[in-house]
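What TrEMBL records for A:467 is active site, proton donor. Positions annotated as substrate binding site by TrEMBL: A:325, A:326, A:580, A:581. Taken from TrEMBL, the feature domain 'Glycoside hydrolase family 65 central catalytic' applies to A:290-673. If you look up TrEMBL, you'll see A:684-743 marked as domain 'Glycoside hydrolase family 65 C-terminal'.
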């Protein structure tokens, strides 16, 4: 079984991509897969979650701290770095089983000696403040080497700098820098201490109080190493970031590298026990799904419900570190089925930030909660009005991502519903969930218009996933998702009134919701839901079918300048049926029980050739629906596209001069969804579990675990048999439907079901 | 008194402009002010009203016929033309009192002789088919001259050719060409016959059967001339265009030039008696107002109710010869106050074309009547989806003039109301007017959305006069004009039910209007009408105040390419408060009795500096409201801008390669409105006439006539006194309010009222 990502040789053109590919992290911070001698020029970053800053120009982004692991060696006064020195060999690898990033480089000196540098790094998931490195030097002759290791204050920022001031402390051999952010005055501290392998060296602290110089008499063939214990503390969870970081650093120093690694490995093993998905017979697919899960595990907020997962994880500051609907639609199910605590954090993040959504609605003159398109730690809208530059005029273009993506509020409600459905935890309603649901429903009522002549509510002037077509009326995805919101609101009212009458009255009173009950019930009855036309196709929005219908290739032929933006207001796709990404198809994957296989099939066939996949959120959706309707070859093709995105880096790194690379959590979550929900065929229908697996030709077997309402099952699927194994601690009997067969499964039971999948 | 437009000297750069400036016409056709030797290269055109053609590419436009007056002389085998020959003097003039266009050119021959060519042309208003020319040659020595005069088949078309075939006939010395249009097979014929002044010449008909060659032995100082009697017949009013044109031509020939001129002059005198407006003390203003009226008189459909007045009159095919809301908003009052028969034709044109409006509404999925933005003879929408070209990419841009200018239906209803209010002719309701009003109201109900949370109807996604901002919500002009429509509909129902119960029942039944009565009454009660904000300003549309507020100069500084389109979708004005033309201000001039002087004043002050006047429909509106609120200096400035537009040609002739020049009937009508309604202060309030004159400093006096409900009054206003003289044939006593004074006025009465105007 392959858990290792490796790259041999060195090529500067991969610097940016590998920074993301070899990223480590623990949800508290992300540390890019940079080499120790890299500086900000190579996009080195230690990106903090939760801490955002606006240096004063309206662009808020996650804060990067000083790189505590910067290290470079000198031989005869010449630095040895992959950027400038002669190299005999170079290898970089990441073990995704335990999150260890290693590098090994053999440098050739000017006098033809060989110096080997090896390092290992972990972002501890056992102690979220810890970042630990072992740095090891071996030479093929005796020699003097000078090592400089420091906390690099020269921070890479997209829109920085973000610190108004930094102070340095030297204490018990621990170097500390404490910094204060500009906008909100958040305090963060970085401490480091080193421990050398033996006494062949002398260590001196430099005047800058951040660097140490180690002079080593290396002996031929005998490795010299030092361990660096770095600690990052933020005032989101530390009372005194300085004291805490020094204390934790000292503690780590005392535990030592091997113990820290051991503890970290144990934690990773436990985590994989919950999350692992295994595929036999297809190594790349197996690695892709595991790597996708790894990337989510290093970004997810295991420790807090104050943030969700940013659009580029913690691989940098791209997209402002903002959290989009990606979390609810693409990532939440993985956590809800595998680790409900994190799912709850993700849901609570939205609940905690209801104020931001209320504020945004008010800003636009609406009632209720209008959740932001780009959400940050405050829950306020982080998106600006002008988000693109016209390539022909150099002018900023007004976009309506901020103003018109009302579906986010519905996605948030859908997230709460998903969490409740899978975990069975309806208490979330009493923890603020009910208020979110009711305020979102209220928002939609206030946003909607009633068409008297048609006796229906409509949702006008909206933007959805297909951002090539902004400001459309009655977008199918939006309307159906709003329907879910209204149903949830009606359900919530009924549920609370029946089960928690006091809380019900309290909430109605607190929200002043008396009139709204009538409103949302009426809107729930009368909301316009676009139905399939005579060919079975659901129109993406009013008038979509009237747009020019041409192939994507024909559209591309009209391009007159590379990197033209194809979308609104005047891009080439705007007046055509070419769409950016899954929209109706996404709706069909979410509302799978409302539409027949035939409708799904017809819509997939219609929209697939018209979809440009100009977003990493698209391919997995086409894969998921293709798997569901039995188009397994197509599903596999799109699955591999999604699953390998961060392994193979087939994405755009720059938009103009702006770096937009990094990892793609939505695609990572999508990869899991296709594997487990698509090929694995897992689907929750009411209280029973449906399993309708459809394995790709190449796969011998697929196995995964899932937890439904606190009951955990292991599933192993091969081409002929499905084995379901109920965990011994399960409390409930769960009903299953596996193809035509229905049965119940209690703790410790093992069920083996033969099946035959016939394809499309 | 100056009735003459004159230009001396010759400059090729004026060719296009003078073609419009010296235009003659009679509503049946327009004949550009070209010189006889001009061909299509100089944009010579004889443009027919009523006949439109689409050669097959979707661009329908008015049809130009063969130029029947082409004439060129040769001396010693060399043509003498202003384009190529040496000229001693050249003068072109137009007498707007009787519509006579003259030219006089002294050519210098290669051997230094002087040949003088003089011509006179009239488009007869006594016989609409007639176009007559006298062409006269005088030389300063005896010589042989060859004259070629022909029907020039080489037609200037913007989107032609428009004839599928042409046949030529030679009959009784009359040359005739009959042509058939491509799209609808309309037949048109052009006949000519010439009569020479004496027998110094020989006349031969050329083989093409359209040209005649006249060889003249000119004697020193003795003019030789020929008269050319040209006839244009269309199958819209002629059974057999060939026979008719030959017959009329023969008849004209027999009457002779002098009689035709005499009859024409008499008719013009009668017309001016109805229409004249005189200004003493300001020659340019006097000429401007008269020239404006002249331009409308030569374009207006005196003879038919099948068409209205195209956007460029009959000065060519520009804007497809389409008829816009310009007629109802800018021209109708002039005719209703001066010559109700033409006003009725204009109104009946819309009534006759209800089917086109019903069809357009249906095409967009609405009920009722959605009148076209660009209307032609069928009343169907002539506007296309792509009307502009992006100057940066060369791509066609999607515009929403066609789709979203719903205000046209309201303007049509306002036109009927205007006609009824001024003429008192409510029978128009029974002649189809009621159906138009009711179908337009029904359209608005079907277009509108009801906002439940605000208990109001709204009009969303509309475009109004300010086309820089397309697709906006609740445009103030649109909403208020729709309010007028609904009020008219309610009034119509009440009026008919009370006075014509049978017809009422018939109409309700025919239109299946039973439910609609309730709908439009409710919408009339609950339509959202934007009210002034705390600063007294009415927001042009929802969110307008939130747009960037910068000066027009600042906006201009952002221009990076000449002739950039400033409007939607991505022009520089789109996200700013800079507007193309009067919009809220137009609404305030129309709904003058609903708003206080203070509100008008505040809005004028707010919107004026933000208005770019990118349309010839703008300046007159600012003038009109400025006059009404006593800002006479500003009113005068804008009045002169509007009034001189076609005199001085301060407008754009080309958009890219596309000729868009011609006369500006809306501005011409606007000039009249500012003079009579603005400075003259004429306003109908219910059944009584308000006169609140405010003369510009420079003017000694202003006089005009008006007819209200068949009662005609002459008004003479000087700086201190207003003299009102009732026509002896008046049947009714009319109530007047002149500033604070109220009185009645019966037939033959003369009232003299002293007043003092104090200015703003």
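Glycine is no exception: its Cβ is also placed from the backbone N, Cα and C atoms.
In TrEMBL, annotation is done automatically, which means it is predicted and not curated.
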For residue A:580 (substrate binding site), the number of other Cβ atoms found within 10 Å of its own Cβ: 22
Listed in sequence order, residues with CB under 8 A of residue A:467 (active site, proton donor) and six or more positions away: A:399, A:401, A:567, A:568, A:580
Neighbouring C-beta atoms (10 Å sphere around the C-beta of residue A:581 (substrate binding site)): 22
Helix-strand-coil residue split for the domain 'Glycoside hydrolase family 65 C-terminal' (A:684-743), DSSP-based: 0 helix, 36 strand, 24 coil
Other CB atoms, at most 10 A from the CB of residue A:325 (substrate binding site): 25
Predicted model, mean pLDDT over the domain 'Glycoside hydrolase family 65 C-terminal' (A:684-743): 96
Assigned element (helix, strand, coil) containing residue A:326 (substrate binding site), judged by DSSP: helix
Substrate site span - longest C-alpha distance across A:325, A:326, A:580, A:581, in Å: 16
Cβ within 8 Å of the mean position of the Cβ atoms of A:325, A:326, A:580, A:581: remaining residues of the chain near substrate: A:324, A:329, A:465, A:467, A:582, A:586, A:615, A:617, A:618, A:666
Cβ packing number for residue A:326 (substrate binding site), 10 Å threshold: 25
